[in-house]
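If you check TrEMBL, you get these features:
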TRANSMEM  93-113  transmembrane segment
TRANSMEM  178-203  transmembrane segment
TRANSMEM  224-244  transmembrane segment
TRANSMEM  280-304  transmembrane segment
TRANSMEM  357-381  transmembrane segment
TRANSMEM  466-489  transmembrane segment
DOMAIN    609-673  domain 'CBS'
DOMAIN    706-764  domain 'CBS'
Amino acid sequence: RFLTSAQTTRDDGKKSRDFQQVHCGATPTEEMNGAGNLMDFLDEPFPDVGTYEDFHTIDWLREKSRDTDRHRKITSKSKESIWELIKSLLDAWSGWVVMLLIGLLSGTLAGVIDLAVDWMTDLKEGVCLSAFWYSHEQCCWTSNETTFDDRDKCPQWQKWAELMTGHTEGAGVYVLNYFLYILWALLFSFLAVSLVRVFAPYACGSGIPEIKTILSGFIIRGYLGKWTLLIKTVTLVLAVSSGLSLGKEGPLVHVACCCGNLFCSLFSKYSKNEGKRREVLSAAAAAGVSVAFGAPIGGVLFSLEEVSYYFPLKTLWRSFFAALVAAFTLRSINPFGNSRLVLFYVEYHTPWYMAELVPFILLGVFGGLWGTLFIRANIAWCRRRKTTQLGKYPVLEVIAVTGITAVLAYPNPYTRRSTSELISELFNDCGSLESSQLCDYINNPNMSRPVDDIPDRPAGPGVYNALWQLALALIFKIVITIFTFGMKIPSGLFIPSMMAYHHHDWIIFKNWCRPGADCVTPGLYAMVGAAACLGGVTRMTVSLVVIMFELTGGLEYIVPLMAAAVTSKWVADAFGKEGIYESHIQLNGYPYLDVRDEFTHRTLATDVMRPRRNDPPLAVLTQDTTTVEDVETLIKDTDYNGFPVVVSRESERLIGFVQRRDLTLAIKNARQKQDGVVSSSVVYFTEDAPQLPASNPQPLKLRRILNLSPFTVTDHTPMETVVDIFRKLGLRQCLVTRSGRLLGIITKKDVLRHMAQMMNQDPESIMFN
């Protein structure tokens, strides 16, 4: 019953209340005499009826109803001819085609980003003379002069100081390399923040808080547009390459959702229905996590657990397919040259011991405490950025943080390298092929067994040196990430990783460490610590565990991961229920109704509905006495999104509800197409218009845009029930009645304001800011 056309997307990101001009081709109309030939012009579709304005919430029930009507129409037509049958089959397959395209494009973009980040990160330190587009590792792969002991050194790769001065050692060489490292980092970050500010302001941040809000039904035009996709992809490479303490996992979800929105515009099934579009975006989010972590199943669970608001079974299957295609595409590109989807893929085969559950749980406690500290500190800093002069200078802020990061990161080899390389080194177990300082164990020449078969060798000076460097790296990353996350550049969350190393002599280990057998797997502790910290920050549980075991390829470590993830969530929840994404949603004032929030207050619908006591009466339309001028005046004088339609102002008996945008477009289109419609024309919402004298102006019948079944509750309905209805049905508004008589209206923002008030928060913070 609601006719729509493809929505146009605006990349400017500015709130606009101007209605788009409707262009309709002129069609011949019959001469209309009186009400007998009253033309209901909505029999013919025209653009933008049934669509939504920027920064408004969609009506899930209406979108579902429209899709059902569309599907019923296609099914009935498919029996008429072979061509209509083919069209119905194409419509049925369009969902899978969109998933295929999303998987292919997001996997390709992820591969390009990985390759570009690898090259540009190494570019800060030196250049490959044989081919400047090679990274350090690729340059030395192609060299015939590389030895096993000096695998990172080859004549083709030269550091900048060596290239300029011809010397490889000395204080001057170190200082020059240090200076050029900082210069490259500043250049990359300046380019990133400048591109974001000039071309796509929505390309900053991780994007997950906004995607959660969009998937809950909010409209943010341009957030998933073509410019945002292009700029986010380019600036993500620059931001990660600059050495800032951020990751590319969150932004890759945003990139994948931009791909999903792009392909939605190719199919009217999705471009004309905001509810169906959000099913595609949920699947795209799964594809984004699939390529970010190399975890297709974890991606599907992440979409289900963390970002999606409405996730039917059909979306589960399609998410799985999109994640599969994305992972396959990335594996085909093979950006890391290890036939894996991520740089830090590891495989452990050493069993863990029951007594190790204690340190695993302690890691979970640390992760929960770290998550709480990070969220509170980061939100405090972001709030200060929004409310002080600091927010007016985003470029200066990015340059300053990058400069501080580069100056402090270069001296420490564990902070100088990229995040992925650091995690890879910490996750990997020591073996005979490892050249890391963490594997500097003293060899006893009197032992007859192979070197890599001796688990109880004493630690050498390299291990102790690496440990204090890692401790400094941990403190540095904890502090700098608080100031980095939320800046005006693409930024995901860095996963703080920890590690452990062998100490058989400690009394707590003697019970389960057998002579000649591996006792503790340091990489496993790093992995569990990383999971605990990420769980504490995001409050993920199931999807996090699955992502981590997909990374390791071992099912035997599920129990340690589960213990750490659950403990970190319990500890973090003790200090506050919101994760980092929910906290940023609250900070920005997005109208997001979280399904996990509990409402336990004993209030009624009449306490929340508008109009309140001493407020002006509710703005309504009557079914057969309102003129076009009355409607236009009401629209001009108010900013409500819709108006209830009643029998008369005296009876206040409810007939239905009409959307403001539909009403505006309908009147504008009627003035263009329908002769005789003037300001004094009466607007009818009834089935049949009465007979009118010939001298009367031409009436306007708008019953087709009237929702005859708006959701209603009585004034004594508990707010606990109302909140549940808004959550589970995705309502935009509901009307409050008593014995069929209209009393007031409750919108989604009214519900959010009331919930904030009940929690002693500022109710006026619930708005798009």
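Placed from the backbone N, Cα and C atoms, the Cβ positions cover glycine too.
All annotation found in TrEMBL is predicted automatically rather than curated by experts.
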TODO: Quick one: average pLDDT across the domain 'CBS' (609-673), no decimals.
DONE: 89
Task: Secondary structure content, the domain 'CBS' (609-673) (per DSSP, counts of residues) - done: 24 helix, 17 strand, 24 coil
Task: Intrachain neighbours beyond the transmembrane segment (178-203), with Cβ under 8 angstroms and 6 or more residues off its ends - done: 11, 13, 120, 123-125, 160-161, 210, 220, 222-223, 225, 227-228, 230-232, 234-235, 238-239, 241-244, 394-395, 398-399, 402-403, 405-407, 410, 416, 487-490
Task: Secondary structure tally of the domain 'CBS' (706-764) (DSSP, helix then strand then coil) - done: 24 helix, 18 strand, 17 coil
